[in-house]
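Below is one structure, written out as structure tokens, with a few remarks after it.
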Amino acid sequence: MNIISVGVNHKTAPIEIRERISLSEVQNKEFVTGLVSAGIAHEAMVLSTCNRTEIYVVPAMHEVTGEYLKDYIISFREAGKDVRPEHFFSRFYCGTARHLFEVSSAIDSLILGEGQILGQVKEAYRIAAEVQTAGILLTRLCHTAFSVAKKVKTRTKIMEGAVSVSYAAVELAQKIFSNLSMKKVLLVGAGETGELAAKHMFAKNARNIVITNRTRSKSEALAEELGTNQVLPYESYKEHLHEFDIIITAVSTKEYIISEAEMHAAMLKRRLKPVIILDLGLPRNVDPEVSKVQNMFLKDIDALKHIIDKNLERRSGELPKVHAIIDEELVAFGQWINTLKVRPTIVDLQSKFIEIKEKEIERYRHKVSEEELRRMEHLTDRIMKKILHHPIKMLKAPISTSDSMPSRVDLVRNVFDLEEPNQSH
């Protein structure tokens, strides 16, 4: 009863290789249903994101190994000779479970603690469940992974603290001003970085966001998406600097777009009410001399990266707690797997003893009285339970490092001459 995981991720393969292995939702469904319908797997699921494509399989044949699955997906995607087995990782049994628990907990992510991955794991399971390729094992594995991720999020700080420049900027603004809903924000630049910063601001309850961009249509599109519908002409935004508590700049330029003199004038109009400028440009958008203006807080990318590094360091310090949670859940999952493995043997063992008992009782059915027969049945039941107690207890006991469940099952089946079980997995 094995579970195999095989795949490529940011640790094992460069992006050009990962791109050639990735699966769309349609391809995902075709792949997993193909594995099951061909009798290659009892169960199958694929997790495919920008950073990883991972296959989770309960094999239906002894020939289905990690190497087999690597070759299978390379062929399925027609990935070419450049994609080789060494670009893949392989995990088996509890190693597969540990890997999925680590992925779901965001400690195997490109950015430690990046919380988006859990939603992607849930989506992978949804697809497999929808096409009915997630059976009892993968269903239990995934739901345990979801539980692990929830415990990690609530019991540790692995996901706390900004680890992107745009989010770090917003987090810093919130620390300075506390309630962003009461502040007026100017976003200069509606490119990818500016858009992310605006969306993070909106998520932190900032609603009074004004956008300016060289191309007005981009300003209007972002403002409409946020629901603010507030834009300023790029040519005249400097005339309004004094109106804003928070200014975020994210434009591509070789010249400073805000000078010390401009901010000094703006601060006089504000009567020195504090302003924070978050310069997300590279090269910098704001003259560093602006920081000399009274009540002006200027933070550029280097300052924000220092915050990010500190946050990542704190997240790394939470790893022992995360691993402890994973270890705890891994033991519970392993014990559940073991109960599935031993259940047929326990049933067969009990059935064999009941059959022996009934045959022996039948031999005396017409030789003794009904009362004596009842006593014999009662006595043989007690003897049978005492004989079976130890082997059943041994089968149910936790696995030690020097033991294995298959060896226990084989031992009991051989000693008591039980036929090989007919199992679906």
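Each Cβ is built from the backbone N, Cα and C atoms, and glycine gets one as well.
What Swiss-Prot annotates here:
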BINDING   THR49, CYS50, ASN51, ARG52, SER109, GLU114, GLY115, GLN116, GLN120  substrate binding site
ACT_SITE  CYS50  active site, nucleophile
SITE      HIS99  site 'Important for activity'
BINDING   GLY189, ALA190, GLY191, GLU192, THR193, GLY194  NADP(+) binding site
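A map of Swiss-Prot features onto the structure.
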{"residue": "CYS50", "record": "active site, nucleophile", "Cβ neighbours (10 Å)": "12"}
{"residue": "ASN51", "record": "substrate binding site", "Cβ neighbours (10 Å)": "19"}
{"residue": "HIS99", "record": "site 'Important for activity'", "Cβ neighbours (10 Å)": "21"}
{"residue": "SER109", "record": "substrate binding site", "Cβ neighbours (10 Å)": "19"}
{"residue": "GLY115", "record": "substrate binding site", "Cβ neighbours (10 Å)": "14"}
{"residue": "GLN120", "record": "substrate binding site", "Cβ neighbours (10 Å)": "17"}
{"residue": "ALA190", "record": "NADP(+) binding site", "Cβ neighbours (10 Å)": "25"}
{"residue": "GLY191", "record": "NADP(+) binding site", "Cβ neighbours (10 Å)": "17"}
{"residue": "GLU192", "record": "NADP(+) binding site", "Cβ neighbours (10 Å)": "10"}
{"residue": "GLY194", "record": "NADP(+) binding site", "Cβ neighbours (10 Å)": "25"}
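Under the three-state DSSP scheme, GLY115 (substrate binding site) falls in the coil class. The NADP(+) site is set by GLY189, ALA190, GLY191, GLU192, THR193, GLY194; from the centre of their CB atoms, other residues of the chain with a CB within 8 Å are LEU187, GLU195, LEU196, ALA197, ASN213, ALA250, VAL251.
GLY191 (NADP(+) binding site) carries neither a helix nor a strand DSSP state and counts as coil. On its own chain, THR193 (NADP(+) binding site) has VAL165, SER166, ALA250, LEU280 as residues at least 6 apart in sequence with a Cβ closer than 8 Å to its own Cβ. Geometry remark: ASN51 (substrate binding site) versus GLY194 (NADP(+) binding site), CA distance 24 Å. GLY115 (substrate binding site) and HIS99 (site 'Important for activity') are 16 Å apart (CA-CA, integer value).
Across the annotated binding residues for substrate (THR49, CYS50, ASN51, ARG52, SER109, GLU114, GLY115, GLN116, GLN120), the two most widely spaced Cα atoms sit 15 Å apart. Neighbour list (GLY189 (NADP(+) binding site), Cβ cut-off 8 Å, at least 6 residues apart, same chain): ASN213, ILE248, THR249, ALA250, VAL251, LEU280, GLY281, ASN285.
Sequence-ordered, the extra residues of this chain that approach the substrate site, with Cβ no more than 8 Å from the Cβ center of THR49, CYS50, ASN51, ARG52, SER109, GLU114, GLY115, GLN116, GLN120, are ALA106, LEU110, ILE117. Within the same chain, residues at least six positions away from THR49 (substrate binding site) with a Cβ under 8 Å of its Cβ are SER22, ILE117, GLN120. Cα of SER109 (substrate binding site) to Cα of the residue listed as 'active site, nucleophile': a span of 11 Å.
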